[in-house]
Every structure is written in structure tokens, then in C-alpha cells.
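Student: There's a structure below that I have some questions on.
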Amino acid sequence: MDLRRRPPKPPVTNNNNSNGSFRSYQPRTSDDDHRRRATTIAPPPKASDALPLPLYLTNAVFFTLFFSVAYYLLHRWRDKIRYNTPLHVVTITELGAIIALIASFIYLLGFFGIDFVQSFISRASGDAWDLADTIDDDDHRLVTCSPPTPIVSVAKLPNPEPIVTESLPEEDEEIVKSVIDGVIPSYSLESRLGDCKRAASIRREALQRVTGRSIEGLPLDGFDYESILGQCCEMPVGYIQIPVGIAGPLLLDGYEYSVPMATTEGCLVASTNRGCKAMFISGGATSTVLKDGMTRAPVVRFASARRASELKFFLENPENFDTLAVVFNRSSRFARLQSVKCTIAGKNAYVRFCCSTGDAMGMNMVSKGVQNVLEYLTDDFPDMDVIGISGNFCSDKKPAAVNWIEGRGKSVVCEAVIRGEIVNKVLKTSVAALVELNMLKNLAGSAVAGSLGGFNAHASNIVSAVFIATGQDPAQNVESSQCITMMEAINDGKDIHISVTMPSIEVGTVGGGTQLASQSACLNLLGVKGASTESPGMNARRLATIVAGAVLAGELSLMSAIAAGQLVRSHMKYNRSSRDISGATTTTTTTT
């Protein structure tokens, strides 16, 4: 039996249950068994039943007729050619043979289709399905001498909530129906209507009707959909609300910053704020940008490894760098090629270009420059086959040793000295406990785990929160959170020196999500909104140092909480849902 074509069973009801909340399964009685066994179901008709003779005899007759008539006609054809008799002159016998050949051919052609399609054209009746159910029940019934199986009550799932939809104008209703029917592609609504808000509303309504699921809790109003058209998000149906908290003031390089953090994790902002307080009282933190360069690494292939090596020698030759830089820098007035590094894997070459990108994060900028260089290289290397503009030697949105060692984006180190009395009063721990915990957890523990750039407590928490608040690419949190946290007792063990080194902070203050109203406001709060008018790239570098400073504060506070044994207590107080989940679950499973 083909289970794919089997209709669903009707729902089981229990007349003994007045409220309908439960249904019971009980073994059938013996009288039911006798009645079921006495039931007979007529087999469904088949297409082959219409033949006057049994199928095997009919097949034998037509197979014999087809080949014998074909042999006879071929024999007559040869005789006519031999005696120069026109082929169109036929006798009655030959005419009958031709008709028999055509008839047998038609039958044989139809025969091979009958057996193939008759299982599809003959559908089993509802009684047949009942018979199959009867057989299945008999097969699964176990004959035992033990007492009957107790009744098992199965709770019904609650009915889904009805979809709450807004009433739309008649014209919009027609468009919604066209989207559902596939007449109008959903992605083309903005260009067809010329109104991004209206397009999102129509797409949202079509989505609810197609899926049968309500998205009433996803807000639609209060967002500028024009600002994301063609650059931030396609086919929008609403926007997500994430709370933004402020940690600070963060005293960094002599300036005070109020750091916006978009997060749904309790304790995160409070903990970072405590770290900022300890650093502020101790005189603040200082930061240094070690390197500023975005990378892109295409992969190219040659016929031999020797030829790929020739490209490597050409690109890494200092005499050729100026020419490559001129070609590369055409992509933007802010793009400045810094270095070219090439590595070989067989006959494949991976070329890592690094360039400064001003206040932009710079992925598009460096990709354009790489494209210019690849087109230029085809003159000297016509046999070069460009496989991809990115060969993962960049490496973007993936944990990679090349970023940990060489850096990508902004490489920043941030440090602070926290006085011993501040450690005791504000952080509720001791210098010795912090130093020991950092060595065993962040250094030795991460090494035991085989961590790549994860020699820290929770750098990604702070990086992600600041990234979302300021319009950065959240996916680049992967490499941007690579961090090593160092702690050392100084001044005869009275104070502690803490630092974070982050080689791959990928941020920008122009382009992408930084132009959105909420994210732009957070950048303005930090004083790094838009491009720097003083020096290209200054705002982006300052944002990177703020990220590192916030990470430093977060590391200091969390490590202190762990050393003092406060982590579990604080999270149980501030990072738990206040809802009675067990009660809600019980209500859901016991009510209709």
C-alpha cells in the first residue's frame, strides 16, 4: 500500500468524556473482532479487467501477430524490389497484414502503459483503507496472559490562536491575493507600489494568510522602511525591538563615553557598568590602535604549482607593490593598499590584500580594489583562472588563525590599573584571586579547550551588544571577539594591571546599518557618527577603542563576580524569567 496516497484517519472521539479534554484508548472487544473479520472488501477494478481474454493469452496473441506480420511484409517488400513492382500496389492480403501490424503495435504500446498506470488510475475506496487499518490493528495486538493494559489518557493540543489581521483597502486586498496566488512576486512590491511601508504591510498580510500564523507581536509601524530599501534588508514585514542599556561613564584616553548596549541578557549591562565604575575611580583606561586594515583574499588557479608560485613571487616583490597600489586605489579615494600576502596550496594561490578603508568597515571597498588588481594581472598571467573573489584566507565571519595572528580591521590593545582598595570595595574580591582565576580560566582553561582567540571570559557579549546598538555587522562578532585578557599583580601585589588585546575589531561609522535612525543615534551618543572631518578613519578607530574599553570593563566585572562566587546569585536574580513556566505548561497541557 502506498502510504503517501493514504488519506488521514478521522479523529477519535470518546463519548464517555463530557468535556472532551482527553480521549482514551482501549482494546476492542471480541464482538468487534468478529464483526471486523466478517467484513469483506471487493478488490478495486483494474484497467486490464476490460480485456475479453486473460492478460497473458492476449499478450501472446498480439506478440505473435506483430512479429509474424512484420516478417511477412518485409518479405513481400523484398520481392517487390527484386521484380520492380511498385510499393504502393498492394493486394488484399497485404492490406490486411498492414492493418494487423498497426493494430498489434497499438495494443503493445498500450499494454506497456496499462500495468504502469493502473495503480495510479485505480484509487482504493474508503473501505479498503478501513480493511488495511483492521489488518494493522491485528498485527499490533499482542496476545498475553497478563492483565489488560491500563487506559492511557492523551491530552489534546490546544487549538491555535486565530490570526488577527487588519482590514485592508479593497485595492490592497487584491494585491494580497495576487501575492498569495503568485501573480505578483513578493520581492517586487516596493518597486511596483512605490511605497515601502505599504509594501511591507501587504507582504505581512500575505505571509500570515499563507502560513496560517499570526505575527501580531511583530511591530510594523514606527519604522522608516525607505531607509533600508536596497541596502539593509529585503522583503521586510516588520522590525525587532531590542532594549538598549547604557554602561558608563567609560573613562578612556581622557574622554568619558556612555556606551550603548543592545541586549536581552540580564546582568550584562549592569556588570559592564560596574567594571566602568571601577576603572573610572582608578583613573580610567588607555588604548592603542596597533593596526588598521581590512582584508580580502581571492583564490586563483593555474595549470601547475610552478605557475602559481610565479604569481606569488610577482605579488610579493617590493618592486611591483607601487604599481599594484595604484591599480588597487582606484576603487575609492579612501582605499589605500597596505600589503599583499600570497600563500600556495598546490596549483591554487590565495592572495590576501590588506588596505585602509577610512571610516567605513570597508568590505565592499576592498573587494572593488581586488577586482581591479585581478583584471590587471590577467595581462601578465593570462592563464590565471579566478575561482572566487573570496577564498576564505581573508577570513570573514569565521574564526581563523590568520586573523588572530595578522589581524583584520582594527587591532587594539586596551589597559587599566585598578587599585587594590577598589578591587576590594567595588569588585568584592582580591587582586590575588583575580590573577589566579585569569591564569586558570582565561589562559590555561582556554588552552585546554583548544580555543582560537578565545582567551577571555565573555568578550563576545560586549562586542555583540555594542555592534547591534551601533549598526555594525553582528556576524563579524566571530572574529571581532577574538581577545586575550591578561591580569598581573603590580606594586608589590597591591594593585592589578588588566589588559585586553583584540586583533580583529571590524567596525565602521558610515555605510550599512550605521545610517539607520536608532543606530545613528547611538553613534552620535559616542561622538563618532558619520565620517571624520579631521582625519579619514578617526571615528572608526575611536569606535574600535570604545569597544575594547567596554570589553575591558566587562572582563574585569565578570572575573570579579566569578572569583567572589557571585555569578550564580546575580544571574538567578536578574537573568531569569519571572513567569511561572511550570504553571503555564500545566495549564496548556490540561486545557482544551
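Each Cβ is built from the backbone N, Cα and C atoms, and glycine gets one as well.
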Student: Do you know which of S167, S214, S395, S577 is annotated phosphoserine by Swiss-Prot?
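Tutor: Annotated as phosphoserine in Swiss-Prot: S577.
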Student: Taking Cα atoms as reference points, rank the recorded positions N329, K397, D473 by distance from E265 (active site, charge relay system) and give the first.
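Tutor: Its closest listed neighbour, by Cα, is D473.
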Student: Output the one of E265, D473 that, of all these active-site residues, has the highest number of other Cβ atoms within 10 Å of its Cβ.
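Tutor: Most Cβ neighbours within 10 Å: D473.
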Student: Once the chains shown are all counted, how many other Cβ atoms turn up within 10 Å of the Cβ of K397 (active site, charge relay system)?
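Tutor: Other Cβ atoms found within 10 Å: 16.
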